[in-house]
């Protein structure tokens, strides 16, 4: 039941009466244990039951309305189309009401409220916040009415005369309410209970009993006008007309009875001097910021007297300090600023406001993302908006409150919540919300719930595949993975990762399955099962693997495993499937119905009472998802109304008829039919904003209300935003685009393990790997549980198959995707005319949207339109580097990249050229990445634009704040579209290095010489330490290209700026670098031609007396002529990449965390070597780089091949060796070692000199010793000459004694010419004997022996006796052998003394 009527003729709910005459104490009674949705249903059931007896009790209507009416002004008039009896009845009652009005005693405030036109149409927070007193008042309505002091006797008599029927009527209503109350009481008892008795979390979606009384009216004022539309979604016009008068009376009754009991209590809209409890009109917003960034929390609170405001972090009170600054402005705006946030600051921040009348609080999660954090960058986008930009969105309202079961303000879930107002609610209701209280204590919160389901994924063979889901539930959670029903065990091929919750306030686990290298046999249905003590849930997704030789990847066109999820369940849908994907297509009041009793576990008996008309017009069919849709098909012939009230609080859509059901078989037939129609269409481009009706149902949508269509750059998005056959869905998507800049769109995903999903966070389109059934993309573009599919045939495989040169105009390719705030400015930025009425749905080709079939989301269409490798072609889920834009997914660019809007040049040749140019830009990387041929479109564009015209857009990081972009702030990624400057994410290792550099720099002295002249130090008011409004990015460029680092710094006084490269300060007078600083604080460092030496970390440090702050950007300079690269690279072009390896590719830079490229760097390298021929030569080197470099060796420019003499080894410690054994003269020369990886190459040279092997010669006696005789006392010389190479060593021996050293009498001599001499001064008889000389070198040894005889001068030798000359035996020279002399060799015949061999009298003897 709606909170307000969609017709100004009668009250549709008690909320209208509550606004008019109910006092504050009335609210808490029933709302303490009933949610708003449950109360809605309660009232609706009661009305339906009462309606059944309306005919018999019709006569009592007049009586009751007379009794309970309060003010003619406060009552709605009967609509012109109401049934005559109702019209007559109410018209006849008005005069009586007017006469009775003054008689009823009312306080001035009540009268003011009742008659105030401003309060008349304010939607109530709850349609039926009934208390037991209200139930009693219904039962006692007759008595109370009779006792009311009323001077008019006529109405009194009439009332008494019809007391019987009226009593029956009241009893019925009271009975129904009591029955429903008892049902809901147990299911919702602790609802809105938190440790402090409140539930004012910004995204809880509920008002706590403590807050409700004072918050009601303001919340009503800010409530989305879509509450008015809920009536059309729940009831058709006939039901309302029949019930109008009855509701009128019931509301009068409530107004009559309740204020009597509660008049003394203060009213929400009383004059300011009356005390009011605190109420937060602007709540805190959860944030996720990078470490070191500034955290800014703000909220607004009202109350009388002015509330006392206190701040808490994780329950610990915070006080004003230099680190945490707490401010209060104008008594309402309270801010908490953390100048520099660290990981320790992560937690739940609560602002508590108290005064004597009560208290209120608001909480938000602040997550400080550390250097190695793996959470999403873009997650914080939804929280960034300027304070006060949309004050209405900050107020309490349940009309668009969607939570996933917990009061945690930020779950980190990747549920894209497109909200009509930028309410600070970043979560989406799952169907389990009815089980779950904000304090997370009930069974619904204990049960596991997937906050992000698995997404259908397609990948190429060899790519990394990552399947990720997020689950919350009471620990311990056991997560299991299955493929085709078989459990998957953790292994190197299938890594199962599970990230535990980062806080108890946010008990969400990230479960990831990583397939390191995918093969076609890995495809199939993957299931993740989460189990705890309270139950288990599963999430399923399909993985499609295409062969490596396929250029294009077709998604599963049926996706039955996912569509079956909804079709095989009984009416209460499973909690895991009624996910947040339902919500975006619903209006807020519809959203409330997601959690309404027809989904409740305790409402099985009552479910059948909600007829098809009501359930389906609510847009929620238990088995068919939201808006009666499956795969984009609508049930019925009536399109849902456009959310006009999103912008205009007074606009109300026409009633919505019930939608008939469609079975899956019929759906499939319709899908095939639409596909066939699409194949036959040429798809002429339509003006932007023309909604598309791709349904075959033959129905036309109602005219669109006047609110701005999406920006002109998104013709496809404007027209194709909804695969639903309804213009209003397109309008809702348009509305969502217009509202995103205020943070209402939250598509958060983890940094790691998301492959090629960049478009999702930027434009709200589901990504090719997403499955709507996973509830991770609850947007109008993915409202159904089936994955978008491709047609079985060729329709979405190659554009050539869809349109050719004969087509009137090629379909506009996807426009550049901007970050949310830039792409979807607030409505006043683009004051466009309202879109024209939708085309007849039967045409099925009004504008480009109809190009994708009913089972396709626009993202599928976009990915199909671009001929490419499989959409996740740049899959790099592990956060490892990527250098190619994901197929079909343009990189984000700034708005300035668009020269003329599509609207301005639609249908012209310029439009075609511009669109083709865009596509070429997005396809450039793919073309250079091994794609063998150009598509027709690209060939055409190159004819029109020239071959070198397509360039890659720079990447705008998601961290860029909406405020900066909307204000036209300088872009963080500098350089125009012609730059090849690409951003990328640094690894955690690099980040630690960067942090270390910054830490040291901020604590080290700097060179002030080249700094700009600063004003002398003067006292400064509001002095603030420097901080970066825009930080440096990390870039990857090619050698020779220009690069610019840009950031923006602020501080008071104006900070000084210093630049460093790898920790060394860069002089402002440097010739290589140009340093600039603008007046707005933008600082830049530019080099026109980068070299390999420019590779490194660039740090900017800003300093003023308040402190220092630094920021670092990594520059990777890649060599141009590395292996596999084309040496030619057109000017301004990103250089072609060499083909990637099978299992890893170097994908797009805007991935959450990419593979990092580090050029090889030699940590160890040998110098020049000289090696003797025949010896072993070993060259050792050590190299670093990422990926691990490949090493190759060259000799004089020629590759060295491994063979028996040349071996290449790698040791465990990473040392590479080239071993040559033995070395020959051919091995001499210049050796080059080349290390190569994807990031570039490096090399070193050395010279090897091979020393020739010497011609070794054994010693040879050229002159031998001679036998000598000498007279006693005379000197004697024993001489010989020996030669050998190398020169031999000489050893002397006398008999068996070695002569080791010279004495005064006996000395040994040797010269350089080989002459050897033994000189004996004054020979004696003892000197006589055999003397041996030996010569030895490496080649051998030789010896020579001679006899010395000493005789007296007077002794005459007898002539008769022949002297005996004895040759000693070899044994006499055993001592020589001991010295290593080869005695046998020494006594070869040629070595023997000639005089011995010639002497015939020579005899062998052992004795002398």
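Cβ atoms here come from the backbone N, Cα and C positions, even for glycine.
Keep in mind that what you see is a predicted model, and the values were worked out from it rather than measured.
Residues 807-842 are the range that Swiss-Prot records as region 'Interaction with SORBS2, SPIN90, SRC and PFN1', among 591-626, 807-842, 915-950. Swiss-Prot assigns the feature region 'Interaction with SORBS2, SPIN90 and SRC' to residues 683-713, out of the candidate ranges 683-713, 993-1023, 1024-1054. The candidates are 91, 200, 1143; Swiss-Prot tags 1143 with the feature phosphoserine.
Between 153, 774, 1141, Swiss-Prot assigns phosphoserine to 1141; no such entry appears for the others, which is not proof they lack it. Check Swiss-Prot against the ranges 520-541, 542-563, 960-981 and you find region 'Disordered' recorded for 960-981. Annotation for the disulfide-bonded residues 299, 528, 1181: lowest Cβ count within 10 Å of the residue's own Cβ, 1181.
Counting residues per DSSP class in helix, strand and coil order gives 3 helix, 59 strand, 30 coil for the domain 'Ig-like C2-type 4' (1160-1251). Looking at 351, 469, the disulfide-bonded residues in this record, the fewest other C-beta atoms within 10 angstroms of the C-beta turn up around 351. Taking DSSP states H, G and I as helix and E and B as strand, the domain 'Ig-like C2-type 3' (1026-1110) has 3 helix, 51 strand, 31 coil. In this structure the alpha carbons, written CA, of residue 528 (disulfide bond) and residue 351 (disulfide bond) are 38 Å apart. Counting only the Cα atoms, the space from residue 351 (disulfide bond) to residue 1181 (disulfide bond) is about 61 angstrom. In sequence order, 1162, 1165, 1179, 1181, 1191, 1192, 1193, 1216, 1218, 1243, 1244 constitute the residues six or more apart from residue 1233 (disulfide bond) in its chain with CB-CB distances below 8 Å. Restricting the average to the region 'Interaction with LASP1' (653-683) gives a pLDDT of 61.
Residue 469 (disulfide bond) sits 33 Å from residue 299 (disulfide bond), taking the Cα positions as reference. Secondary structure by DSSP for the region 'Interaction with EZR' (1261-1351): 3 helix, 58 strand, 30 coil.
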